[in-house]
Amino acid sequence: MRLILLGAPGAGKGTVAKMLTAIDGSVQISTGDILRAAVKEGTDLGKEAQGYMSRGELVPDALIMGIMGERLLEDDCQSGFLLDGFPRTIPQAEALKELLTKLNIELDGVVNLNVPRDVILDRLTTRRTCEDCGAIYNVKSNPPKVEGVCDKCGGKVVQRDDETEEAISKRLDVFNEQTAPLVGFYEKEGMLWDINATSSDEVVAVIKEKLGIA
Ligand code: AP5
């Protein structure tokens, strides 16, 4: 499958992407995960991105397109990809369109995950993430079996740096200003799948139905 997962911070893009990769081996490409890994490794990209991320702002489009222009050419993308957190601005969406046309790749659809704001705020303040493998947990709905320890790899399960109340509020404002207009962009392209994303199982079921997967 070749899908874009669109949605506010905490809408469940990462959770749904991980469930979808288990179906047919399509790769999850999360620009947030790529940037967090770069910050952790202290690369030039990480140093440049860190300030934007901890303030809850978007990293400049040119940096993101540099990453994605290379990532989409890698071999593991041949069997399908789930774009999680990209594109996030109209210029990124336009650049992606141009890139996919050049590579002769067609998207199956753009999944818009709709979740009420109060649910989002609750999810973000209760999310925990594995520092090592990126597995996503929630202290209320999906805690690790042993507190602070990843079920999958034994890594440390922590709260992300951008999960302060101030950064969450900034990320939601940035989403409304810069990312929400992508809904109209993809609607015009005839590619938008608007889905109620209160239940991740239901989101996956709708996507499978649209793709004709049993
Ligand atoms: P990024 O990592 O992409 O963060 P985000 O978009 O804010 O999305 P999140 O990861 O916070 O949420 P999610 O929708 O994946 O939800 P999740 O599945 O974890 O980006 C971080 C930063 O990087 C940005 O602020 C920006 O600075 C930079 N960046 C990244 N991409 C960029 C780009 N393209 N351009 C510019 N800058 C970029 O779920 C959330 C919680 O809810 C979890 O605890 C989960 O367990 C729980 N949950 C999920 N679904 C359900 C459910 N159905 N029921 C109950 N609980 C649920």
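For all residues, glycine too, the Cβ spot is worked out from N, Cα and C.
What TrEMBL says about this one:
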BINDING   Gly10, Ala11, Gly12, Lys13, Gly14, Thr15, Arg127, Ile136, Tyr137, Ser199  ATP binding site
BINDING   Thr31, Arg36, Glu57, Leu58, Val59, Gly85, Phe86, Pro87, Arg88, Gln92, Arg160, Arg171  AMP binding site
BINDING   Cys130, Cys133, Cys150, Cys153  Zn(2+) binding site
DOMAIN    127-162  domain 'Adenylate kinase active site lid'
REGION    30-59  region 'NMP'
REGION    126-163  region 'LID'
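Using the Cβ center of Cys130, Cys133, Cys150, Cys153 for Zn(2+), the list of other same-chain residues with Cβ within 8 Å runs, in sequence order, Glu131, Asp132, Gly134, Ala135, Asp151, Lys152, Gly154, Gly155, Val157. Cβ contacts within 10 Å of Thr31 (AMP binding site), excluding its own Cβ and spanning all protein chains shown: 22. Taking Gly12, Cys130, Cys150, Cys153 as the binding-site residues under consideration, the smallest Cα distance to Phe86 (AMP binding site) is found for Gly12. According to DSSP, Gly10 (ATP binding site) is assigned to coil rather than to any helix or strand. Within 10 Å of the C-beta of Arg88 (AMP binding site) there are 20 other C-beta atoms, taking all protein chains into account.
Filtering Gly10, Arg88, Arg127, Cys150, Arg160 by Cβ distance to ligand 1 (under 6 A) retains the following binding-site residues: Gly10, Arg88, Arg127. Of all the binding-site residues listed (Phe86, Tyr137), Phe86 sits in the most crowded Cβ setting, with the most other Cβ atoms within 10 Å.
When the Cα of Glu57 (AMP binding site) is compared against those of the binding-site residues Gly10, Gly12, Arg127, Cys130, Cys153, the shortest separation belongs to Gly10. Cα-Cα distances to Arg160 (AMP binding site) place Arg127 within 10 Å, out of the binding-site residues Gly10, Gly12, Arg127, Tyr137.
The average pLDDT computed over the region 'LID' (126-163) stands at 94. Cα spacing between Gly14 (ATP binding site) and Cys153 (Zn(2+) binding site): 18 Å, rounded to the nearest whole number.
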